[in-house]
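Below is one structure, written out as structure tokens, with a few remarks after it.
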Amino acid sequence: MSPLEQFKVVRLLEIPMPFGMDISFTNCALFMILASLVSAVLLCCALRKRTDGSSSMSHTAVELIYNFVVGAIESNAGVGGLRYIPFVLSIFLFVLACNIIGILPLGFTATSHVSVTLALSVVVCASVTVLGFNHQGLHFLRIFLPEGTPLWLAPMMVFIKLFAYLARPVSLAIRLAANMIAGHTIIAVIAEFVLKMHPVLAPLPFAFIMVLIAFEIFVAILQAYIFTVLTTVYLSDAVAGH
């Protein structure tokens, strides 16, 4: 089996639509729904208090995640950005759940597909743009022309800044998808190699796979962290401005 077979999108339910549209329910959609449910269940479990007053593992985990999100927003967008904690927290939990679920046996990594990560990135960047105009009006356009820019350099600076702004969702999407694809592919290749080895020689590569899986879990958390931090950095343009 090809190492890339794990990323194949499979139709689970055909939904006929006119004009050649295809909105069939796929394994990718199924695991995105599962990731959303896992995030919701984790939050619900964290809100429940134990009778003895002690904190559960889910409560501790969510508290750590919440503190990270608050810290990231305060560091990049300032106190004014704290009203958007639910949005940023939802982004982090969804990306993290998608990444982790993809590592599990029979799992599917929705964030390995650029279509999914690009949709997430467009939502983030579009939201930032709308919030920017909502908070600052037309003054939001100042992000394309830094204060003190010489007049002769202004057209080039506006072009560069506009290009960089429009490239944000693409760079966010490709970074996340590429890292998910790379890690899962390496594990699949080595796992297939181990299966073909003599049983006497298999334990060492098998142990190496376990190390790679642990590293992949770290990468899954790291990529969710990076995606969230960049979201708060972009949010700072809307809330704080330049």
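In case you wondered, yes, glycine gets a Cβ from its N, Cα and C as well.
Feature annotation from Swiss-Prot assigns transmembrane segment to 23-43, 62-82, 84-104, 113-133, 143-163, 176-196, 201-221.
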Worksheet item: Based on Cβ pairs under 8 Å, which of the stretches 62-82, 84-104, 113-133 lies most in contact with the transmembrane segment (201-221)?
Response: 84-104
Fill in: Cβ-Cβ under 8 Å with the transmembrane segment (62-82): same-chain residues at least 6 beyond its ends
42-43, 46, 55, 88-89, 92-93, 225, 228-229, 232-233, 235-236, 238-240
Worksheet item: Which residues of the same chain, at least 6 past either end of the transmembrane segment (84-104), have a Cβ under 8 Å from a Cβ in it?
Response: 31-32, 34-36, 38-39, 42-43, 65-66, 68-70, 72-73, 77, 110-112, 116, 120, 124, 127, 131, 176, 180, 184, 213, 216-217, 220-221, 223-225, 227-228, 231-232, 235, 239
